[in-house]
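Here the structure is laid out as structure tokens; the discussion comes afterwards.
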Amino acid sequence: MVTATLRPSRVEINETAIAHNVQHAIAGLPDQTALFAVVKADAYGHGLLRVARIAQAAGASGFCVAVLDEALALRRAGFTLPILVLGIIEPEYAPIAAANHIAVPVGDADWLRRAEKGLTEESLPPLTIHLALDTGMGRIGFRTLPALQEALSVIAGQPAFHIEGLFTHFATADEPDPTYFKMQVERFKTFLAALPERPKYVHVANSATSLWHAACDCNLVRFGVAMYGLNPSGRSIEATPYPLEPALTLKSSLSFVKQIEAGEAVSYGATYHAAKDEWIGTVPLGYADGWQRRLQGFHVLVDGQACEIVGRVCMDQFMIRLPHEVPAGTPVVLIGQSGDASISLQDVADYAHTIHYEIACGLSERLPRVSVNSFNA
Ligand SMILES: *Cc1c(COP(=O)(O)O)cnc(C)c1O
């Protein structure tokens, strides 16, 4: 997708906010506990390489990504810190991971058998693996002790594999009720106790776990959404041990302003009719930029005032009702602060009946990402 640099719509990333969130998180960790910055999905829409650089400068000891290509993008950009892919990769690509010192998760013995062939054919460094345990997330990982033991027996005496980690992922760490979380912790402990040797990294914590739960004898945190200053729970758990500073703002400016008469319509389907003579402004971004169609009826900020989104959101533009005439070129804030008013990613997510994660990583590549408040350690 072409990034539209000659259009006023843009995502601004506050670098210092990201650095502060990482530094606060690290300061609160027990000794000998590492923080890996989770930069999957273009760093939750904030820009992969930018966020990786900031996180590293702020003290992160490694990175987590979702897919092998993201890991390779980091390696190609020159990052040498450890990288862990969080999703299962195709066994045929295991040699690429090994050659680039990229760690991958393993959740069944069969995957090891399929990966083994390619790994032993070439003279490669061993493939670094993290054993994934499914303690209740139901996504990837060993579900039983015998399944794990079968994998360990495939690995035993096979120099192509190096076990670096053991981990699980929680389904409810961001919810106030700890019952299911505790059940998962107990299952994890049972697995851990059965392991003949403790790997270098034992990890369970995503952002929510790092904020609200005492870790269970672990030494690595996979720090994602909170690095971007977003509360992992949405609004369910308000208190955080340190203030989270949101890093992302979304801005544009009015491309067109006009007055319409009472009864005249706006946008596809002519679903909106002016109640009286009204000033209508056009904002040059739309659902192709990740500003969802269902945001019709929500609002944006002009000069600190909320202006309703009227009519259907189009692919590349949408319209708002202005309180009075303002010139074309007037700034519009879609996410962020304007005067005394502000709109958060959470506000947008609430209106769109989703979570802020989805809004942030849905902001498309057509929107340029611009750094503000640069951080250089
Ligand atoms: C995405 C992801 C994380 C990070 O989660 P946040 O809620 O963003 O902190 C951690 N671990 C795994 C396995 C993930 O997939």
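Placement of Cβ uses the backbone N, Cα and C atoms for every residue, glycine included.
Quick caveat, the model's predicted, so the values are computed rather than measured.
Of all Cβ atoms in the protein chains displayed, 19 besides its own lie within 10 Å of the Cβ of Lys40 (active site, proton acceptor). Per TrEMBL, active site, proton acceptor is recorded for Lys40 (among others).
According to TrEMBL, the active site, proton acceptor annotation covers Tyr268 (among others). Around the Cβ of Tyr268 (active site, proton acceptor), a 10 Å sphere holds 12 further Cβ atoms from the protein chains shown.
Around Met315 (substrate binding site), a 10 Å sphere centred on its CB holds 13 further CB atoms from the protein chains shown. Following the DSSP three-state reduction, the secondary structure of Met315 (substrate binding site) is coil. As annotated by TrEMBL, substrate binding site applies to Arg139, Met315.
Residues or ranges marked as domain 'Alanine racemase C-terminal' in TrEMBL: 247-372.
Taken from TrEMBL, the feature N6-(pyridoxal phosphate)lysine covers Lys40. Secondary structure from DSSP puts Lys40 (active site, proton acceptor) in a helix.
In sequence order, His169 make up the list of same-chain residues 6 or more apart from Arg139 (substrate binding site) whose Cβ falls under 8 Å from its Cβ.
Note: the domain 'Alanine racemase C-terminal' (247-372) comprises 23 helix, 51 strand, 52 coil (DSSP; helix = H, G, I, strand = E, B). Calculated from their C-alpha atoms, the gap between Met315 (substrate binding site) and Lys40 (active site, proton acceptor) amounts to 26 Å. Put simply, Tyr268 (active site, proton acceptor) is 35 Å from Lys40 (active site, proton acceptor) when counted between their Cα atoms.
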